[in-house]
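For reference, the structure discussed in these notes is given below.
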There are 2 protein chains.
Amino acid sequence: MVPALEVAPQENQDLELDSDMNSNCNGATQERVAVIGSGNWGSVASKLIASNTAKLSSFHDEVRMWVFEETLPSGEKLSEVINRENENVKYLPGVKLGKNVVADPDLVNTVKDATMLVFVTPHQFMEGICKRLIGKVRPDAQAISLIKGMEVKKEGPCMISTLITQLLHINCSVLMGANIANEIAQEKFSEATVGYREDEETALKWVLLFSTPYFLVTPVQDVEGVELCGTLKNVVALAAGFVDGLEMGNNTKAAIMRIGLREMRAFSKLMFPSVKNNTFFESCGVADLITTCLGGRNRKVAEAFAKNNGKRSFDELEAEMLQGQKLQGVSTAREVYEVLSHRGWQELFPLFTTVYEICIGHLSPSAIVEYSEHKPNFALVDGSAQVY
Amino acid sequence: MVPALEVAPQENQDLELDSDMNSNCNGATQERVAVIGSGNWGSVASKLIASNTAKLSSFHDEVRMWVFEETLPSGEKLSEVINRENENVKYLPGVKLGKNVVADPDLVNTVKDATMLVFVTPHQFMEGICKRLIGKVRPDAQAISLIKGMEVKKEGPCMISTLITQLLHINCSVLMGANIANEIAQEKFSEATVGYREDEETALKWVLLFSTPYFLVTPVQDVEGVELCGTLKNVVALAAGFVDGLEMGNNTKAAIMRIGLREMRAFSKLMFPSVKNNTFFESCGVADLITTCLGGRNRKVAEAFAKNNGKRSFDELEAEMLQGQKLQGVSTAREVYEVLSHRGWQELFPLFTTVYEICIGHLSPSAIVEYSEHKPNFALVDGSAQVY
């Protein structure tokens, strides 16, 4: 099949020459890539990247991957086993990463020579990691964040890409999409979206670095839109889970997903007027939403919550179903609600608001499909023209 | 939940007054509705409409429903049983239609006094029905088509709404969306989209006539975009079914659905430059696509086709799985392919093209996710600016 508008091999060639011609000015003619993070998604990202750096002359073969060192039950260090087996036996067992992936437990050493930094850690660790990297990264380095689920504070979303730029004073793009790490590790067909700020040439380098025949990457000039999709979709996944638990059928589920996508779009555009409608047609938008609402932890626990008619709390169900892991969706729903109530926008976002009130037990799960006479009136909101 | 931008009761009030004030000029102060068709969806549409005409003073209570007369096994006439039982025992058993629904086997008599005509028959009968109605409908009547799956001829799509306007010389809107008739009959929450040409006041009358607390209708000024969504989604559903049959997972399925939505949008905009991007965010677009790719006949048979690795033809599987009923998707895929090859656009629509070639056995089902070096170049197509 011929997925349209993606980077095809002949275009890779152009990009490659292009990035050669624009090699950075301190003599280095090749980009050096460091991956900060080595969990499930970080390991898959390293595998994708390593398959490209091995063949593209504009990149140095070696991909250095920072490993938060652990001692395995065998008594060995995780980084040593990864380098010996060429496999992350703990977070991506059974998949070879590529011989040019080098695990390094030393964060500063990992980034030392890198011109392209790929951040893919749990988002709660990012602030600490960035602080340790202040003054340690090349001033000409470019960053990209694969981290979904930045925090949404009262004042507005606190983007991971912004955090990286503010602390390290380097430009930061994002890569988001319908990306279930294990399916991509098995080289099943998938897509992703690179969101960039101004520098299209750098965006195309990221596209080149991640694209494979089974992983198609499209660049869009809309960092905030792409990054917000990765977070807000988890709130919609809770709504979809409620519908599943109530056994309302595909028709209702599709309607709720559509309304959710519309609120994702409206919320993003009110927060950042630069956000583009078309971003929501990309993999980071509609495709990631579909994947998350079909499978996914948030949908699953929300389904159980609705089946129990809200009588068992999310904390209880999380502890039971996710071995104490926390659901992104529930905290994001609360954070989004804080923004809405802070600005008096609850009635403009009926789905987001209702999901939160169901999560905290103020409404029953069936409220997700109960009609109300309220009707959003965006005329009340400055700069809200055409948010829908 | 508060589905945004839908017609809330207080707005219904305004519309009602509004349509009263604008009652047609030949003295009638109430709209009279006729439904042409009484199958599964036609019966549900009559039920929705009847629940509104019974309470809104701007509409005459009675909803006249044309029944293609049949003799039931009991020897009774279908129309007589519907009028006695207030139920379409053959096509929507167990659901009361409303006492103000009157089944009429006489097509001409059904439309005689109607100011609002709702067409909801199988599309292959529409030309014959319209020909029988020439000169029989009120010149001031408004029409709406609920018929999905108009034909796509070499020269381009042959819209049902256009057929109605050309033959009956009346304005025609369309209503499409994620509408599984039986789920709506059970009053499960759902949405729909009314596509209209110029006359917004009439569009709002249609919204008023169909909207209920569990069925939310949104008007958009884009007849062609809305109508094409209802047809093209069946081609994407085949692609989604192939992915299911190949057991590629949700990630790949979401990617294929996204690429399909993009081709629906590009095809519609190349055919009708007036088509709007936002139409594809409405129920007729993304929501109907999701419903159709999750459930639906086309997806189901395509899944079986892929499981058999194309060794059993669609004709064979249809006969076995659908009691000889034909799949919309397969004929639409062929019709769309004829347009593409007629214009030399195959490479611009890799998904549509690949689905057709899989259907006719030129490619194996796995081709749906096989990468190719071809890449659409819309610069080659006149007026194609920003079709994506």
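Cβ coordinates come from backbone N, Cα and C, glycine included.
Noted in TrEMBL for the protein shown:
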ACT_SITE  A:LYS233  active site, proton acceptor
BINDING   A:GLY37, A:SER38, A:GLY39, A:ASN40, A:TRP41, A:GLY42, A:PHE68, A:PHE125, A:ALA181, A:ARG297, A:LYS326, A:GLN328  NAD(+) binding site
BINDING   A:LYS148, A:ARG297, A:ASN298  substrate binding site
DOMAIN    A:33-200  domain 'Glycerol-3-phosphate dehydrogenase NAD-dependent N-terminal'
DOMAIN    A:222-370  domain 'Glycerol-3-phosphate dehydrogenase NAD-dependent C-terminal'
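What TrEMBL annotates, mapped onto the structure for a quick look.
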residue	record	contacts (Cβ under 8 Å, 6+ apart)
A:GLY37	NAD(+) binding site	A:ALA45, A:MET65, A:TRP66, A:VAL118, A:PHE119, A:VAL120, A:THR121, A:LEU146
A:GLY39	NAD(+) binding site	A:TYR91, A:VAL120, A:THR121, A:PRO122
A:TRP41	NAD(+) binding site	A:VAL120, A:LEU146, A:ASN179, A:ALA181
A:PHE68	NAD(+) binding site	A:SER38, A:PRO105
A:LYS148	substrate binding site	A:HIS123, A:MET176, A:GLY230, A:THR231, A:GLN328
A:LYS233	active site, proton acceptor	A:GLY260, A:MET264, A:ASP288, A:LEU289, A:THR292, A:CYS293
A:ARG297	substrate binding site	A:LEU322, A:GLN325, A:LEU327, A:GLN328
A:ASN298	substrate binding site	A:ASN234, A:ALA237, A:LEU238, A:GLY241, A:THR292, A:LEU327, A:GLN328, A:GLY329, A:VAL330
A:LYS326	NAD(+) binding site	A:GLU318
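There are 20 other Cβ atoms within 10 Å of the Cβ belonging to A:ALA181 (NAD(+) binding site).
Under DSSP, the residues of the domain 'Glycerol-3-phosphate dehydrogenase NAD-dependent C-terminal' (A:222-370) split into helix, strand and coil as follows: 115 helix, 0 strand, 34 coil. Mapped onto three states, the DSSP output places A:LYS148 (substrate binding site) in coil. Other than A:LYS148, A:ARG297, A:ASN298, the residues of this chain whose Cβ falls within 8 Å of the Cβ centroid of the substrate site are, in sequence order, A:GLY149, A:ASN234, A:ALA237, A:THR292, A:GLY296, A:LEU327, A:GLN328, A:GLY329.
The domain 'Glycerol-3-phosphate dehydrogenase NAD-dependent N-terminal' (A:33-200) scores a mean pLDDT of 95 in the predicted structure.
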